[in-house]
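So the structure is just underneath, and the comments pick up after that.
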Amino acid sequence: MGALFSFVVVILLILLAYVGVAAVGMQSFFGIVIPYVAVLVFLVGVVYRVIKWGKSPVPFAITTTGGQQKSLEWIKQAKLDNPSSSTGVVGRMALEILLFRSLFRNTKSELRDGRLAYGSGKWLWLAAMAFHWSFLIVLLRHVRLFETPVPSFVNLLESLDGFLQIGAPRLFLTGVILLLAVTYLLLRRFYVRQVRYISLAADYFPLFLIIAVASTGILMRYFFKVDIVSVKELTMGLVSFNPTVPAGVGAIFYVHVFLVSTLFAYFPFSKLMHAGGIYLSPTRNLANDSRAVRHVNPWDYPVKVHTYDEYEDEFREKMIKAGIPVEHYPAPSPEELEKEFGDKDAGVPAGKEE
Amino acid sequence: MYNGGKILLGIFVFLALATYPFYNNIGKANARPEPSTDTPAIQKLAQKKCIEPEAFMKSEHMQLLNQWRDAAVRDGNRIYVAGDGQRYDISLQNTCMKCHSNKKEFCDSCHNYAGVSPYCWDCHLAPKEGK
């Protein structure tokens, strides 16, 4: 249901942009207004989400440990899986962000002869790596549309990406890998029953959207052929705040831009914010030094307490009168002392004296 | 905010990277390149037209060149029959570059602008141009 809903929404988005440009002629709306709004929503939204997270306290040191803790000198510490210093944390975060180390530990479970069996499940990790890295390279390749002259690292990326020299324009491997990987991630949600059970529209929508973005991009480059010089004229107009809509850019370009804009605007309010959230994961970014450093809960609220001592101070007399034992008996007044001990001082009973 | 320094630094880096194209290009004029067809060979032509219509050449020239490469080098076919029935010699240097002898003002103007680096000249000799 979630899948069908997401699919229909993406199709509607495509139709909306296509009809808006091809039939109604709203090029400047889909080519200028929407991208500006989307980028603004993206930037403000991401900053808002991160600051909101930053305001959340971490009550406990809840670092996830995956190896031997720092202990006695002769016990080897797993410095990356159980870091005790900031350097170790940086190393662990880098591995997590660049190589998805914890996803590498992914397991799958299945029933075998009536018994639950667990095994290593690396396909998700492989597809996630392929997907994210391809997406990054695809994104960086697009810098060619936003910088004049084109930075040399973009040319280098393009020559590496197209090094197989298939066809003209050269086939970019990352485009193909991106589409294959995201298709795997989608099919996984369809065919792995446990995953399908927990999949929601919010899981399917980004996948369909990214598939649509990649497909329109590939169609535009290899099949429908938009005029790249006019496209760059438009994109350079956007980044120089001098927007223009060149004539003769195909509708597929506006569909692509509209889908990308949707992705950007949707980003801060969705699961896609894991891109920013991973940096703020307490289980990852805390050092496991809870035996060496006290983690003070910043959330400790100044609670108004009434300790037992204060309670006893308040009710001591009544407690004594009621015969309840108290911790601190009141110091007796001179009169009481005299009453209690005065006679003794005056003299003991005559009979007892020796 | 907790760990405000680190988080704000992260936000700053994110914003600096994400908005780089904007503050790097703000206010810059961006004129689109106009590939020049002003060469002596083209001036001499009675009818100034390429082997196929301009729109086709604009969007499909790379594919056409790729087909020419395959036809000439792999199949040994050196004759191209254009859409209007005219026959042309399949040769980058002797057909294309005969008219478009100004590689810098013609090919490179758009290719550099769009960050395209075709590998034609890995094998072919680029025409010598007086500067």
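Quick reminder: no glycine exception, Cβ is built from N, Cα and C everywhere.
Just so you know, TrEMBL annotations are computer predictions that nobody has curated.
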When TrEMBL is consulted, the range among A:189-206, A:207-224 described as transmembrane segment turns out to be A:207-224
Report yes or no: does the transmembrane segment (A:32-51) come within contact of the transmembrane segment (A:244-267), defined as 3 or more CB pairs under 8 Å with a sequence separation of 6 or more? yes
Taking a Cβ cut-off under 8 Å, which residues six or more beyond the ends of the transmembrane segment (A:244-267) line up next to it in the same chain? 10, 13-14, 16-18, 20-22, 27-28, 30-32, 34-35, 37-39, 41-42, 45-46, 205-206, 209-210, 212-213, 216-217, 219-220, 224-227, 230-231, 233-234, 237, 273, 275
